[in-house]
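A.B. asks: Sequence annotations record features per position, and here Swiss-Prot assigns ATP binding site to Gly8, Leu9, Pro10, Ala11, Ser12, Gly13, Lys14, Gly15.
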Amino acid sequence: MNVIGVVGLPASGKGEFSKIAEGLGIPVVVMGDVIRNAVKKAGLPPTDENLGAMANRLRAERGMDAIAILCVDAVKEQKARLVLIDGIRGDAEVRVFREHFPGFRLIAIETSFEKRLSRLCERKRSDDVGSAEGLLTRDKRELGWGLGNALQLADIRLNNDGSLEEFTARVTDLIHSMEREP
């Protein structure tokens with residue numbers, strides 16, 4: 001089994017990458033689901049503030065790699081040649097996946113601040129921030145988890161400042177090439 005991970009700042013296109021992969025039949029393990037489930041169990045609404053606080057709590061109580069460790073079994077349960085992990089936020093998580101999955105490769109999605117802000121304002125998800133200040137705050141929080149270090153560890157970089165069609169073509173080509181690998 002080949003395992004790849006996707007990393008990027010908020011609204012860079014990680015979720016879109018995952019949708020494209022799923023459309024190609026690639027199983028996706030979403031790290032954020034661990035956090036969303038913990039927020040739900042706590043009886044809280046899935047706002048950006050609650051999700052961020054829960055992620056901070058899990059990392060404070062169990063270590064910066066806690067969420068990755070909770071996802072390892074879900075990845076191992078997949079019966080596919082290629083599996084995607086969505087939502088990597090730090091270098092500690094990258095280390096966990098490289099330890100458990102030889103040949104693990106990390107894909108960084110790179111997108112300008114302006115494009116990311118525009119996307120956040122358009123998609124209106126419950127955990128989205130709708131202002132430049134809110135996005136800067138979210139970026140700072142995630143960079144504090146080691147996201148900048150994780151981005152530096154990327155094996156592959158994909159720019160996502162263009163159209164959805166351009167990004168879809170790049171992701172599709174990349175996934176098809178990875179599916180052909182032993």
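Every residue, even glycine, has its Cβ placed from backbone N, Cα and C.
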A.B. asks: Using the recorded ATP site (Gly8, Leu9, Pro10, Ala11, Ser12, Gly13, Lys14, Gly15) as reference, state which further residues of the same chain have their Cβ within 8 Å of the centre of those residues' Cβ atoms, listed in sequence order.
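C.D. replies: Here the non-site neighbours turn out to be Ile109, Thr111, Arg116, Asn160.
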A.B. asks: CB neighbours of Ala11 (ATP binding site) within 10 A?
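C.D. replies: Result for Ala11 (ATP binding site): 27 other Cβ atoms within 10 Å.
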A.B. asks: Would you count the other CB atoms within 10 A of the CB of Gly15 (ATP binding site), including those on all shown protein chains?
C.D. replies: 20
A.B. asks: Count the Cβ atoms, other than its own, that fall within 10 Å of the Cβ of Gly8 (ATP binding site), considering every protein chain shown.
C.D. replies: 27
